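**Q** Take this structure first; my questions come after.
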Amino acid sequence: DFLCISLVNGFTQLRYNLGDRTVILQTLQKIHANGNTWHSLSAGRVGNEGYLDLDGINITRKASPGMKALDTHTDFFVGGVSSLNLVNPMAIENEPTGFTGCIREVVINNRELNLTVTDSKGGANIGDCDGTDCGYAVCKNNGTCQVENSGFSCSCPREWTGTMCEQSIYCSQNMCGSHALCIPQPSSLSYTCACTLGWTGKYCDNKIKFYIAKFVGNSYIKYTDPFYGKRDLQYSRLSLNFTTNQTEGLIAWMGKSEDEDNDFLAIGLANGTLKVVINLGERISVPLMHSKYFTCSDGRWHFITVVQNQTCIKVYLDEELILFEDIDPQRKYTALNYDGICYFGGFEIGRKVNIVTTGLFQNEFFGKIKDVVLFQDSKKIQLMKAEGYNIHDGNSGN
């Protein structure tokens, strides 16, 4: 399998093969090869249907029956490859050759790659394309960079300030404490303080302890499992108690959630109904829906346990078996490689639930969670010792 973007006789070409045949898309217009015109290119596929967009002009190739997953386990190359022998002969039209020019702002599945010496795995013969102190995107938030004798300066849009336009003007005089993040609120010309785990109050200056975590929106807990290296990932288990009066929300997500390759097990609510989704490596997530509607958004405590026995999934709600399904009788993938990461209630601030979960869940969780147990551990995990923001003490009324 491969996916390749290349220049062919001045045209941009996308070629990909999901295991059965090579699909080829080519732009209608040529690129300006004058060395000073930037082009915006978007290319990819949904299932086996491909798209290629150059400077806003789109080409698509309708899907025909066939394979739908891109199974590659190699490095991702930009501008060239370490050895031209690695290039599949079907991936390009002519003999393979490295790219000469400038590339910036590479985004894969909504995640930007940092094309730097420290962030990349390797490379050769790469220089700075801009050649000035301004470089690329030195000034944040659409600021304009000017080269000066002493380096550079940024001219910032109205709502931003700082040497690189990195700070909102609404946060420039903030009173958030050292245990807080300032979140600008442009609509009210103000800001709010997002408190780190264990702190609360308007300015996050009140220390708290909790055993019941209360999620109030823009809240999340990220727990790293210290025993991950010793787990048998073919037999996973997650159980917890939750209460909410909302009909939508992500309760728990076991997995890194960085790109579409990551395995995950997710629990949440959709239309007031319990929804469990699991992906063991096929990129085709399998959602399991509880058939009894509107039973989980009643403000009462509910106890849920999800058990993964290779590809067999069991879901217990209030100690009643409500779902039992073998998601892949072929047993192609049987382990939940979740990297020891568990999210509760949502994801990091700025990462929207509907985008990270590709629409599987719509909102972050509003409600309370307690008594979280992983696998067959004898102890509940200590949510207080995890990472997170905007978590209140669920025992008290705040």
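Positions of Cβ are set from backbone N, Cα and C atoms, glycine also.
Just so you know, TrEMBL annotations never went through curation; they're auto-generated.
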**Q** Per TrEMBL, which of CYS156, CYS176 is disulfide-bonded to CYS165?
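**A** Between CYS165 and one of CYS156, CYS176, TrEMBL records a disulfide, namely with CYS156.
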**Q** State the disulphide partner of CYS129 as given in TrEMBL, choosing from CYS102, CYS145, CYS154.
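**A** Its disulfide partner, as TrEMBL records it, is CYS102.
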**Q** Tell me, from CYS171, CYS193, which cysteine TrEMBL puts in a disulphide with CYS176.
**A** CYS193
**Q** My understanding is the cutoff is Cβ-Cβ under 8 Å with a sequence separation of 6 or more in the same chain; which residues meet that for CYS176 (disulfide bond)?
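**A** In sequence order, CYS182, TYR191, CYS193, TYR203, CYS204 meet the Cβ cut-off.
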**Q** Including all protein chains displayed, how many Cβ atoms other than that of CYS156 (disulfide bond) lie within 10 Å of its Cβ?
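**A** The Cβ of CYS156 (disulfide bond) has 21 Cβ neighbours within 10 Å.
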**Q** So what's near the domain 'EGF-like' (130-166) in sequence-distant terms, Cβ-Cβ under 8 Å and 6+ beyond its ends?
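**A** Answer is 104-105, 172, 184, 186.
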**Q** Round to a whole number and give the Cα-to-Cα distance in Å for the pair CYS165 (disulfide bond) and CYS102 (disulfide bond).
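**A** So the alpha carbons of CYS165 (disulfide bond) and CYS102 (disulfide bond) sit roughly 25 Å from each other.
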**Q** Looking at Cβ-Cβ distances, which residues of the chain lie under 8 angstroms from CYS102 (disulfide bond) while being 6 or more apart from it?
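**A** Sequence-distant Cβ neighbours: TRP38, CYS129.
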**Q** Of CYS165, CYS193, CYS195, CYS204, which of the disulfide-bonded residues has the most Cβ neighbours inside 10 Å?
**A** CYS195
